[in-house]
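Going by TrEMBL, these are the annotated features:
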- 9-186: domain 'GTP cyclohydrolase I' (DOMAIN)
- Cys78, His81, Cys150: Zn(2+) binding site (BINDING)
Amino acid sequence: MSNVDHEKIEKAVTMILEAIGEDPNREGLIDTPKRVARMYEEVFQGLNQDPTEHFATVFGEDHEELVLVKDIPFYSTCEHHLVPFFGKAHIGYIPRGGKVTGLSKLARAVEAVTRRPQLQERITSTIANAIVEKLEPLGVIVVVEAEHMCMTMRGVKKPGSKTVTSAVRGAFEKSAAARAEVLSLIKE
Ligand SMILES: Nc1nc2c(ncn2[C@@H]2O[C@H](COP(=O)(O)OP(=O)(O)OP(=O)(O)O)[C@@H](O)[C@H]2O)c(=O)[nH]1
Ligand SMILES: [Zn+2]
């Protein structure tokens, strides 16, 4: 169930259109407040999700070696300007004691965390912390690379610039070699 108040968004969008000097009643704009409300419901649906809930499925597989899911595409919304930022997330972890989760669950956690007003750093650390909490792995590394439209279409206007953030826990904090292995696999 969504908690999004469509009526409120519609009123607000109508006011924004009026405030910029547009006519909210002209043909092309007449349904825009409704469309924006539906869009916000979709792009902010992660607000109703807890990223840790996806790690409930655990297989008792004895693999205490690296698992890396890379190039997980995501779209999020910058919480400062409410414009998109988008890119790829890479998630690696070394399971402990048979706590191996379904590969798709890593991508589901990315969806839960990115589909809300966000900061790239918070996306990165929230995913790492969720994996630590639920899977208690030997190590976790999360790398997120993104283009922020608030830096490309407006403001400082630097198209093509990318922001890369990482969060490391456990074995990846201690071992430069473990980090280097993942970073080289991500680049391949
Ligand atoms: N750390 C961090 N900053 C972000 C992220 N997304 C956007 N920002 C930055 O948030 C900052 C907001 O700065 P403000 O000075 O309050 O707002 P502003 O006047 O619109 O800033 P400019 O973008 O420089 O025009 C900007 O520097 C953005 O680049 C993010 O995911 N992480
Ligand atoms: Zn922004």
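From the backbone N, Cα and C atoms, a Cβ is placed for every residue, glycine too.
Automatic, uncurated: that is what TrEMBL annotation is.
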Across all protein chains in the structure, which of the binding-site residues Cys78, Cys150 has the highest Cβ count within 10 Å?
-> Cys78
Other than Cys78, His81, Cys150, which residues of the chain come within 8 Å of the Zn(2+) site, judged by Cβ distance to the Cβ centroid of those residues?
-> Thr77, Glu79, His80, Leu82, Val83, Phe85, His148, Met149, Met151, Arg154, Gly155
Residues near His81 (Zn(2+) binding site) in space but at least six apart in sequence (CB under 8 A) | Cys150, Arg154
Going by DSSP, is Cys78 (Zn(2+) binding site) part of a helix, a strand, or coil?
-> strand
Could you give the mean pLDDT over the domain 'GTP cyclohydrolase I' (9-186), rounded to a whole number?
-> 97
